[in-house]
Amino acid sequence: MLRTLIHHPVIRRAVASLATLLGVAVFVFVLLRAIPGDQITAALGTEAAALTPQQRSELEAYYGIDQPLVLQFFSWLGNLLTGNLGYSTRSQESVLDLTLAALPITFELAVLAILLALLIGVPLGMLSASRPDSPRDAAGQLVGLAGLSIPAFLLATTLLSVLASSFGFNPNGKAFVPLFEDPALNLQQMLLPSLVLGFGIAAPIMRTTRTAVLEVRSHDFVRTARAKGVGARRLQVRHVLGNALVPIVTMVGLQFGYLLGGAVVVEQVFSVPGIGRQVLLGIQQKDYALVQSTVLVIAAAFVLVNLLTDLAYRLIDPRVRAA
Amino acid sequence: MTDLARTAPLAVPTTRRAGRLRAVLRSPSGVIGLVLVVLLAVAGLLSFTGLLPHDPVAQDPPNRLLSPSGDHLFGTDQFGRDVFSRVAAGVGNSVLISVVAVALATVVGTVGGLVSGFFRGFADTAIGGLTNVLFAFPPLLLALALASVFDRNWFTIAVAIAVVYAPIFVRVTRGPVLSLREIEYVKAATSTGQGRIAILLRHVLPNIGSIVIVQVTLSLSWAVLTEASLSFLGLGAPPPAPSLGSMIFEARTLVEIAPWTMIAPGVTVVLLVVGLNLLGDGLRDALDPRNRGGRAR
């Protein structure tokens, strides 16, 4: 019983994810210890040079950096597992509190961006596939190419400045409000950032939809369905799109990494206080406690999403479940 | 016997390669991509020869924010610097960083994939584990974190981007190497007593060439985007080195009074990435007719 459980693919996949996360923690730890200078110079700047040797060693003991590296790692890891992500040296706030405030904002941004990307990408891909190599296919492909080639930061800055100067539309100029405080203003503030991010992932979704629809349409069961009199719309949606869903879901999962990276850029341009902006702020202010834990949180979120994509894949595609 | 073994695998790729190039040139989008990339790369390389119309970093305050004219094709920026020369130098830096980054990623990643797939065992486990760890980071975030740690110059930025893209090369080469290992002529070569390194170089590497070439072109377009994003966020090569990303960042407050400061670098970076994408798609269709679908980034 236990043995079959251990060898269950879902369990094995979850264990592998945990191992990866441990590797990620080691990587982040080593990376930030490689930085020239330490927390003391980061916190005090040039004044650190004026410290007496005794003050310095006291500060080293305070930050725990007089301990061996391995001990430092395990004490950091132990703290992380008990929910202590450290304290931001700049704002003196706990990184956990900062992260808990920022994470839902980025989550909202990601969900809206995926929705917009599906709304743009799937119909466009189906349109392209409906008549391959026709002008409408070329137009669809061109939009896809634009999505892949226009950098998020360029689209974001252009939209922001053009809309603000020509139409006076700049909800992001006001202080950011959370979703539950003022939903109407919040959605206005989220509109442009999620549109920019969504446009970027609409392109691969469009391409995947096109390929998958073309592939599914060539199967015999589609001809059979048409022969037994299934209507055109029902055929497209239920028979063709239904079977093309697996690659589309996979592509959405794969794009999550782009989404989290793109969030850094987009949140910065539109002043959205999400997790990406938190990392960037930490980097700019040399607030390494903040960077270290936030990067780890983002990587953990990414690993979790990949795991969930795998599981979703099993639910949608019975062939994978049987394997 | 040895002569035959040496010439046979080499002869096939050369004839095939000529055919492939023709196939790329047959697709109109592949040609457009090639032309765009060559034109921009030449303009970028000009910046390293000192043949640009103006010094890209020389300030000229009396002539600030001039609109485009014969002397200043793309106008001047807020310090009176020539935007055309800055865009050309920016393309040059961007191409230099991206090419070095992708070259590093290709060599390290492909060697990793070859070793991992061919020798299996501990090497496979170790390389696989490291690859998984690197894949656990969103690409731009990993580049950001690395760039923030390094003492930033064009080479360390290239290394940061290379670390992000090397795992992709491990992943795309390992699978094919695994299956090539079981193919008859590789087994035959093993039975004739050839060294494993010789077999890898002579029989395995040439057969994953097309996969690597396609990945190189696609990675180049991502590398250009990553470099531009890093410099937009202020984590690229430090100023005054001209870079398309930082030019766009500086232009965002000038758009209303001097739109050319935004349009010139903006259009250029898009054209460069479009060119690389079209070329990559053309190559992929020419080299691997099975794969015409979407892809991960």
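Cβ from N, Cα, C; glycine included.
Marked as transmembrane segment by TrEMBL: A:12-35, A:109-130, A:142-167, A:187-206, A:244-270, A:290-313. Among the features that TrEMBL reports, domain 'ABC transmembrane type-1' is placed at A:103-309.
Listed as Cβ neighbours of the transmembrane segment (A:109-130) (distance under 8 Å, sequence separation of 6 or more from its ends, same chain) are residues 136-137, 140-141, 143-144, 190, 193-195, 197-214, 217, 236, 241, 248, 252, 255-256, 259-260, 263, 266-267, 272, 274.
Below 8 angstroms of C-beta separation, residues 106, 109-110, 113-114, 117-118, 122, 152-153, 156-157, 160, 172, 189, 192-193, 196-197, 200-201, 204-205, 208-209, 211-213, 215-216, 276-277, 279-280, 298, 301-302, 305-306, 308-309, 312-313, 316-317 of the same chain, each at least six residues beyond the ends of the transmembrane segment (A:244-270), sit close to that stretch. Here the transmembrane segment (A:187-206) touches the transmembrane segment (A:142-167). Their Cβ atoms form 3 or more pairs under 8 Å, with each pair 6 or more residues apart. Nonlocal intrachain contacts for the transmembrane segment (A:290-313), taken as residues 6+ away from its ends with a CB within less than 8 angstroms of a stretch CB, comprise 10, 13-14, 17, 20-21, 24-25, 28-29, 32, 76, 80, 85-86, 88-90, 95, 98-99, 103, 246, 249-250, 252-254, 256-257, 260, 275-276, 278-279, 281-283, 320.
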